[in-house]
Ligand code: G4P
């Protein structure tokens, strides 16, 4: 079975994702001192070929994928951008992982962004391990936290460990699997002995012993299948800052998290055991420097063993490209490696030939499905400052939507193009790139529309709908019909009136 574990951390800003990432890498031996994730030394930078490329091109991609090893298991941690704001990038990254760790703040519980990211995981049945962080501080009661996760996310919860006191009286975390307590000072671990009903012999306060007893009676046993189906989440407690419960978390990923999953394609399911190389692009990062139009396309390997120099055919292109300088992401001293296998991520430098959603394969015989476009939550009309630049604008919008920076909608009536994004940040990126790379000055204006839905149905049904709703119809970048709605109410109204059409908030490419 594969020793790869490819995962992401989902959390609300400030819950401790960066701190936890640091500690995971530290324990995996990928970095030597905590704190290096934020401020990696220049010396390290200069040493690696890849970092040089990175400096020359002025882009930063190394933190997008972090690979580390422990006890023979290779962990690929994919970064989900940590902005307050949300982008499709984040969503798409989640299509490239096999599991996720959900970090929640012990005092705050489930916060809005955690919930949103969780919904994306659920759409794809991505299994989730929960890490309740910051138990070294005063938090909510453990039961309250567990119940909130269960209620808010409709998941079965199974506590795998239990904090012994929180805040000022925090004494450590009891690991149920081994009956050992990790204590805050140093790494000392105490064997608790067999716990009896009264918690006798256990160096834990009576009220905590009582809690633990209640918990063990009240919550179900951990069920691997239910977890892997995304129906149950094992919950670990710890403190990223104090490096507490992190080893248990790594251990849980190694033992429970699924190895590379099969992926669906138009030609049927592709298993990770398949011998020839297949993969899909889930992210494209372009250079902000207008002199170089280089991009790095991030490919998630689905099957096969990739070797440097290999020829792969992108589904969108039809002719093979040789991948001479792939980027692999070992966080040790091997940023450029020669092989990669199912579950791994490769960065492929290219000049814009690779698009988000593209499949790459040795034999050009598969096309993966399931990389979604999401219904934009913010729609804006693009107005040119110089109206003679229409052609350049169209080119730019096409390019940037191919890259996944924005979505573009061309209304059936009128010439005012509309861009759609999931987060405000994408709009800022759009405006700055239009100017820097396409020399197009544009402003974004309010759009009469609130949301968009891809519509599907028979030609007759679509035509019937168009006859009455032409002013609310647009085409996306691929020419597919989209209903531009003025409100959520508008969507449900049209849905009711047109049962022969489907209105969908995502579009799978
Ligand atoms: P994020 O990436 O999810 O946004 O969170 P980050 O790791 O940056 O952590 C946010 C804040 O929470 C940081 O404090 C961090 O030190 C603190 N923190 C993380 N894990 C724990 C924990 O287990 N216990 C406690 N008590 N605090 C934790 P900050 O003051 O905002 O930043 P900094 O100046 O310490 O870096």
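Glycine is treated like the rest: Cβ placed from N, Cα and C.
Sequence annotations record features per position, and here TrEMBL assigns GTP binding site to 11-18, 79-83, 133-136. According to TrEMBL, the feature domain 'Tr-type G' maps to 2-261.
On the structure: features taken from TrEMBL.
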residue : record           : Cβ contacts under 8 Å, 6 or more apart
11      : GTP binding site : 17, 102, 103, 104, 113, 114, 117
14      : GTP binding site : 105
80      : GTP binding site : 8, 9, 10, 89, 90, 93, 94, 117
135     : GTP binding site : 106, 163, 166, 170, 173, 237, 238, 239, 244, 245
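Neighbour count (other Cβ atoms within 10 Å of the Cβ, all protein chains): 22 for residue 17 (GTP binding site). Per-residue confidence over the domain 'Tr-type G' (2-261) averages out at a pLDDT of 80.
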